[in-house]
Amino acid sequence: MATRRRSFPLVPLLLFLLAAAAYGRLISDGSPASASATSLLSNPVSAVIRLTTSNSASASSPPAAAPEEKCEQSYGFLPCTTTVLGNLFLVLAYGFLMYKAATFLSAGSELLLEIMGPGLVGGLLLPILGALPDALLVLVSGLSGSRETAQSQVLIGMGLLAGSTVFLLTLLWGTCVVVGKCDIGPNGVAVDLQNNKGFSLTGTGISTDVQTSYAARIMGISVIPFIIAQFPKMLKTHHGQRLAVLLALIVSFSLVLAYCLYQVFQPWIQKRKLAYAKHKHVISGILRHAQMEALGRLLNEDGTPNEDVIKKLFHKIDMDESQTLSRAELHALIIGINFEEVDFDKNDAVDKIMDDFDTSGNDIVEEAEFVSGMKRWLNEAKRSVPTSGAYSNKFITDYHARTRQEHDLLVDRSDETVESVENPGWCITKAVGLLLLGSAIAAAFADPLVDAVHNFSNASHIPSFFISFIALPLATNSSEAVSAIIFASRKKLRTSSLTFSEVYGGVTMNNTLCLGVFLALIYIRNLTWDFSSEVLIILLVCVIMGLFTSFRTTFPLWTCLVAYMLYPLSLVVVYILDFVFGWS
């Protein structure tokens, strides 16, 4: 029988740490006698002990002359302090609670998605729940207190916004490349599960599918609200700043809605893309079949279609020598071609071929129509496959292999169906419970965490932006970061694509939903928009990484160095602009 491990008592430790930052001093009733030790001994009721966190008072100085630093307890009972170590402890404690809140929200969201499947749940609810901890921290950073206090604390919210975006696109992105790297093959694509080249900066890396590039482009579009809000500052004018904030606010939430709707209807988009990929694979199969039958080269040396070979293929398919191709003859052609276990409806394939070739609408394909259609197919193949100038027989083989790869990637996505779960009622209850628990923890401790960061900034004289930029994203994004790293370590194109899509999706929600909450706070409380350096680093990182990831699908190992360097560069840029050039 396993012995139970005794845990260290947590409550005494907390009390000890809190008490270590304080000391006692005598508070008199105002009479001179009460200040002496004799009076204290003779009249113990006339003096009491008060705990204070002020370090400026001394034992010999009168109480009235000692300046007091005060801290305000959150909800009237949570601990507070004005010391550096005390506030550091509170930042770590509240940050850990926000991490647990994010973990509960993530677990509940995944469980709910497993039960109910994609659609409204996966497309609308889950992206919002994933961004909830960050959104709450941004909201409470300027919600309470006077306008001056809110203007001071709202910098914490901007630090979290910038820090989360930069963290995801630099440290997390680079780490996923490192743990997910595979050997890059001769075709420039990472080979699944093959990692024999060590840490070669150019010979290893990761590959993603084209849909991941689309997610990166959406992420790039999500910076538009930042540009709108910053536009008056770019023109060096104070006129229209409030209008710019309102316009950016509207655009932010419009982008959130558009992104969620895109997520909702993505299954239909995937089905449409899958049908198109199957059709392209049929085209490439017919082209390859023509070459395998030794009818000749379909393309001349200069890349133009070889009409003589195309006509030979037509007459070979025309079994009854009627000078036309019927549906039955096209169906026989499809059956005779080995499509390497690609599952599709052959009648549907015949329909699509007929649609491509039968321009006259008489439900048969004449020789001229066949030649014209084959030319279109060959031109499509030439656009899809890069060549070195010479169009050899290998060109058609490469095109067929590429269409097969596109088909397989989309089949993987279309196979993401909802599996039946045991006891769905209990699973739904558990999922809702996790979501409520995570939301409650995030809502309860967001404000104390912001206060602790603000107090730590005052005590340590470190700007609150840098604290929130570095520390808060670790608290709110650690759960997703660990999951992303574990998923990327499976070293497959499929898992890498899903991992980086999630990263880009997280940045998109930061730049839309969380920014929208921040802009609403600025507008409603009539705060000043003065975040030029912060907006600059967000634009810098998003534009560089967005352009970098939008137009390529393979990333060698050296690209992680670029991502890693952007993180300290962002901090240096903010420091120089704010404290050297005085932007803020």
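Glycine residues also receive a Cβ, built from the backbone N, Cα and C atoms like all the rest.
What Swiss-Prot lists as transmembrane segment is 77-97, 120-140, 154-174, 215-235, 245-265, 426-446, 466-486, 504-524, 531-551, 561-581, and the listing cites sequence analysis. Swiss-Prot lists 305-340 with the feature domain 'EF-hand 1'. Among the features that Swiss-Prot reports, Ca(2+) 1 binding site is placed at D318, D320, S322, T324, E329. For 345-380, the entry in Swiss-Prot reads domain 'EF-hand 2'. Per Swiss-Prot, Ca(2+) 2 binding site is recorded for D358, S360, N362, E369, and the stated evidence type is sequence analysis.
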Criterion met for the transmembrane segment (504-524) and the transmembrane segment (215-235) (at least three Cβ pairs under 8 Å): yes
Leading stretch by Cβ pairs under 8 Å, where the reference is the transmembrane segment (561-581) and the options are 77-97, 215-235, 245-265, 426-446, 531-551: 531-551
Position of peak Cβ density within 10 Å, selected from the binding-site residues T324, S360: T324
Model confidence over the domain 'EF-hand 1' (305-340), averaged pLDDT: 81
Other CB atoms within 10 A, centred on D318 (Ca(2+) 1 binding site): 17
Residues near D358 (Ca(2+) 2 binding site) in space but at least six apart in sequence (CB under 8 A): I364, V365, E369
Annotated stretches the transmembrane segment (531-551) and the transmembrane segment (245-265) touching (3 or more Cβ pairs under 8 Å): no
Candidate with the highest Cβ count within 10 Å, taken from the binding-site residues D320, E329, E369: E369
Distance [Cα-Cα, Å, rounded] between N362 (Ca(2+) 2 binding site) and D320 (Ca(2+) 1 binding site): 18
Residues flanking the Ca(2+) 1 site, with Cβ no more than 8 Å from the Cβ centroid of D318, D320, S322, T324, E329 and excluding those residues themselves: I317, M319, E321, Q323, L325, S326, I364
Whole-number Å value for how far E329 (Ca(2+) 1 binding site) lies from S360 (Ca(2+) 2 binding site) (Cα to Cα): 18
Within the domain 'EF-hand 2' (345-380), residues counted as helix, strand or coil by DSSP: 26 helix, 2 strand, 8 coil
Additional residues surrounding Ca(2+) 2, by Cβ distance to the D358, S360, N362, E369 centre under 8 Å: F357, T359, G361, D363, I364, V365, E366
Residue counts (helix, strand, coil, in that order) that DSSP gives for the domain 'EF-hand 1' (305-340): 21 helix, 3 strand, 12 coil
Sequence-distant neighbours of S322 (Ca(2+) 1 binding site) in its chain (C-beta under 8 A, six or more apart): none
